[in-house]
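Novice: Got a structure here, written out as structure tokens. Questions coming.
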Amino acid sequence: MPAIVLIGAQWGDEGKGKATDLLGGRVQWVVRYQGGNNAGHTVVLPTGENFALHLIPSGILTPGVTNVIGNGVVVDPGVLLTELRGLEERGVDTERLLISADAHLLMPYHVAIDKVVERYAGSKKIGTTGRGIGPCYQDKIARQGIRVADVLDPTVLAEKIEGALELKNQVLVKIYNRKALEPAEVVENLLEQAEGFKHRIADARLLLNQALERDEIVLLEGSQGTLLDVDHGTYPYVTSSNPTAGGASVGSGIGPTRITTVLGILKAYTTRVGSGPFPTELFDEHGAYLAKTGGEVGVTTGRARRCGWFDAVIARYATRVNGITDYFLTKLDVLSSLETVPICVGYTIDGKRTDEMPMTQSDIARAEPVYEELPGWWEDISGAREFDDLPAKARDYVLRLEELAGAHVSCIGVGPGRDQTIVRRDVLAPS
């Protein structure tokens, strides 16, 4: 069976956890392939139980599914253990969670540097979560990182941490006037934490490819979204990894030819957390309505999300750079009770119309949305389970988004619950 990639098609917070949870009962593996605890997934079970996951794949809530934290993820050991403990206290079986030996560990000095650098940046800050994600990826690229497998050899681990802190302490003390970290203490704390997860360390790329050879289905779950991709996003207001579909192969060890379906997650409107350009952002009562009705508060940061109308320019862009084959449209129910529902179909930049993603940072910062207005609907759609159950105007809205985005809207979320979903096409069915 093929591998399936599930990615956010906007600036994150699109509802990827709901999509993973919906598909989880029919797949054998769920893999998180990038990012760290700087993003969160919210899953609402049919029982009404609400789970917020930051590092562990959403498939952990589905019995029988093996979950993998892939090599592309940066893992904060303390956060991992806290999240595991929280799940276990609520009766969730976590035995089927594995961690790639090649994933990188997020260290205390990464968090310290992240926070102090962002603080000193002042008005030029990019809105980092302050959880050390960027500095950890910097060390990975500089070949100075600590990998999960290193905890299995205390001698190697101590050598690596001592070497890293020779430089990190210079930065913390001499540049930012902060206290130096003691290498022996960092090593001791990490080895103590490792006792809680080292039995989960595995050769993930081997296991995943063997699973595909056995015709098992592997779901590759990204965090954040396309417009936060370090290469394809609104740089520099991006994350430090590749949430796009290309990152799924690199961050899991599964070859690209194994991937046959790319399921993009789109919110029926647009949100963003932190700094950066946002052409359709609303500052009026409509923005307040979307924020309140949609419950737009970050799962990980607790920060209020900026809200705006649906942006078809970035949806079309996401379709292209990810090779999206299908879309899962979430939170359509939030748009009920609006007289009209605008869709951004293009931009004007210095008076010139464009329907494509601007090439430069300065251009997207100056982009003004060009709207097409569709009539709204007043009906409560949270009970709809078939496409024809939706009001005609809601169906028209979905079909117009589908046309503009350039990929089939196969699933539609009409509420937070797992069962509050309309399936127009089965994305797991053989093509």
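Just so it is clear, glycine is given a Cβ too, placed from its N, Cα and C backbone atoms.
Okay, these came from Swiss-Prot:
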{"type": "BINDING", "residues": "12-18, 40-42, R305, 331-333, 413-415", "note": "GTP binding site"}
{"type": "ACT_SITE", "residues": "D13", "note": "active site, proton acceptor"}
{"type": "BINDING", "residues": "D13, G40", "note": "Mg(2+) binding site"}
{"type": "BINDING", "residues": "D13, E14, G15, K16, N38, A39, G40, H41, T129, R143, Q224, T239, R303", "note": "IMP binding site"}
{"type": "ACT_SITE", "residues": "H41", "note": "active site, proton donor"}
{"type": "BINDING", "residues": "V299, T300, T301, G302, R303, A304, R305", "note": "substrate binding site"}
Novice: For the binding-site residues N38, T42, T129, work out the Cβ neighbour count at 10 Å and name the residue with the minimum.
Specialist: T42
Novice: So if I draw a 10 Å sphere around the Cβ of A304 (substrate binding site), how many other Cβ atoms end up inside it?
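Specialist: Result for A304 (substrate binding site): 12 neighbouring Cβ atoms inside 10 Å.
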Novice: Cα-Cα separation of T129 (IMP binding site) and G15 (GTP binding site), in Å?
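Specialist: Cα to Cα, T129 (IMP binding site) and G15 (GTP binding site) are separated by 19 Å.
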Novice: Taking the Cβ of K18 (GTP binding site) as centre, how many other Cβ atoms lie within 10 Å?
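Specialist: A count of 26.
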Novice: For L332 (GTP binding site) and R303 (IMP binding site), what Cα-Cα distance in Å is obtained after rounding to a whole number?
Specialist: 22
Novice: For K18 (GTP binding site), identify the closest of the binding-site residues N38, Q224, R303, A304, R305, judging by Cα separation.
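Specialist: Out of the listed candidates, the nearest Cα belongs to Q224.
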Novice: Provide, as an integer number of angstrom, the distance between the C-alpha atoms of Q224 (IMP binding site) and G12 (GTP binding site).
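Specialist: G12 (GTP binding site) has its Cα 4 Å from the Cα of Q224 (IMP binding site).
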Novice: Which residues of the same chain, at least 6 positions away in sequence, have a Cβ lying under 8 Å from the Cβ of G12 (GTP binding site)?
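Specialist: Looking at Cβ-Cβ distances below 8 Å from G12 (GTP binding site), excluding near sequence neighbours, one finds A39, S223, Q224, G225, L228, P243, R272, V273.
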Novice: Using other CB atoms within 10 angstroms as the count, which residue among the binding-site residues G15, Q224, L332 scores least?
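Specialist: Taking G15, Q224, L332 as the binding-site residues, the minimal 10 Å Cβ count falls on G15.
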Novice: Using a Cβ-Cβ cut-off under 8 angstroms and a sequence gap of six or more, which residues of the chain neighbour V414 (GTP binding site)?
Specialist: L332, D333, I381, S382, G383, A384, L390, Q420, T421, I422
